[in-house]
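Below you'll find the structure, written out as C-alpha cells, and then a few comments.
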Amino acid sequence: MENLDVSDLIRIIATCISLLLAFFIFSVKSTNKISNKIFAAYLVLSAFEYTSWSLFLNITSNIIIFKSQLSYLIMPIFYLYILSVCYSDFTLKRKQLWHLTPYIIGNLVMTPRFYLSNPSEKLTLFENYNSQFEIIYLHFSLHIQFAIYIILGFIVLKRAKKIFVENYSSATIQTYNWLLQLLVFIGALFGVAFVKNLFKYFGDNDYFQISEIVLSIVTLYFVCWYGLKIMKHPNLFNGVDSKTKLTTELNKEDQKNNIDLKEVEQLTAYMKTEKPYLNPSLSIRNLAEEIEMNSRDLSVLINQHLNQHFFDFVNEYRITEAMEILKNPSKKEVTVLEILYEVGFNSKSSFNTAFKKHTGLTPTEYRKTA
C-alpha cells in the first residue's frame, strides 16, 4: 500500500463508490427488481476489476488470478442487464449459463501453470507476468468478448426501441436513450482500455501510465453518472414484451392484407371523438381493445398503411390538442407544463421534442406566433 499512485487512488475511490451503489440499488424498492439485482452484481464485479494490483501484493497469487478471471463475467452480466431493462418479460434461465463459457475456458487456460504450479514456479511466472501466454490470452480474449457484447447490446436496444415506437406511446422512450448513452460510454471505456493495453505491450511506459490514469478517471465518472441516474429514477426503466413482433417481421400475407377504408375512418373518428391519446400510458393493445380491432391488424394499419410508428401517430394527436390550447386566448394563463400533462405527455423534454418535431417551434414560440 506504500506505493499507491494516482491511478490506484482513483480506482480505490471507484471501488468504494461502486460497492455503495451496488448496496443501494440492491436494497431500493423498485418495480425493476431483477434489473436492479443484475446491475448491482455488475457493479460488484466491476469493483473487483477496478481494484489495483497493489491491493493484492500480499495475497496468494491464486487469488490474483481468480480476480482477473472475474473480468469474463462483467460483460455477460451487463448484457443480461440490457435485456432485463428492455424487456418487461425478462427472466433468468438455465440456457443463459452459456455466457459462462469464456470464464470457464479462461480458468482452464490458467490451471496448468498458474493454479497448479508450486510457489517458486508462480514467483517466476509473476516476475514476467505480462509476457506470459496466459496473460496475453486473457487480455486478447477479454477485448474480443467486450466488443461482441457491445455489438449484441446495440442489437437488443435497436429491436426493443422499434417494438416500443410501434406499440407504445409513453415518454419512457427516454429509457432507450439512456441505455444508448450507457452503451456508448461503455464502448468508450473499451476503447481507452484497448489503447492502454497497446501501450502496455507495444508503447512507451509513460503513455501507459497516462492511459491508466485516464481510464481510472473515466471509469469513476461513469460509475457516478449512471449510479446517480438509477438512484434518481429507480422506476423509470419499463421494458417492452420481447414476444411482440415488429410489423416488418409479420408474414407477407399479413402485411399485404387489404385494409378496409372503413377501418381507417373508424380509427380516425375514434381518435378525434374519444381522445384516447390523453391517456399517457396508451398502448396499441389498449387502443385495439377500445375500437374492437385485432392489435396485429391495427399495428399493420398504422405502421404500414399510415406510414407512422404508433408512438408518432399518438403524439401527433397530442401535439394537435396542445396547439389548440396554446392558441386559445381564454387559456393563455395555462402553463406549458399544465398543457403537456393535459394532452397525455408525462415529460417536459419529450413534449418539447415532439412539439418541435411536428411544428418546427417550441411550445412557447408557437404560443407567441399563434
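Any Cβ shown, glycine's included, is placed from N, Cα and C.
Nobody curates TrEMBL annotations by hand; they come from automatic prediction.
Positions annotated as transmembrane segment by TrEMBL: 12-28 (among others).
Look at TrEMBL and you will find 40-64 (among others) tagged as transmembrane segment.
TrEMBL lists 70-90 (among others) with the feature transmembrane segment.
Look at TrEMBL and you will find 136-157 (among others) tagged as transmembrane segment.
Here TrEMBL flags 178-195 (among others) as transmembrane segment.
For 207-228 (among others), the entry in TrEMBL reads transmembrane segment.
Residues annotated as domain 'HTH araC/xylS-type' in TrEMBL: 265-369.
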The transmembrane segment (207-228) touching the transmembrane segment (70-90) per 3+ Cβ pairs under 8 Å rule: no
Any contact, the transmembrane segment (207-228) to the transmembrane segment (136-157), with at least 3 Cβ pairs under 8 A: no
Mean of pLDDT values spanning the domain 'HTH araC/xylS-type' (265-369): 88
For the domain 'HTH araC/xylS-type' (265-369), the number of residues DSSP places in helix, strand and coil: 77 helix, 1 strand, 27 coil
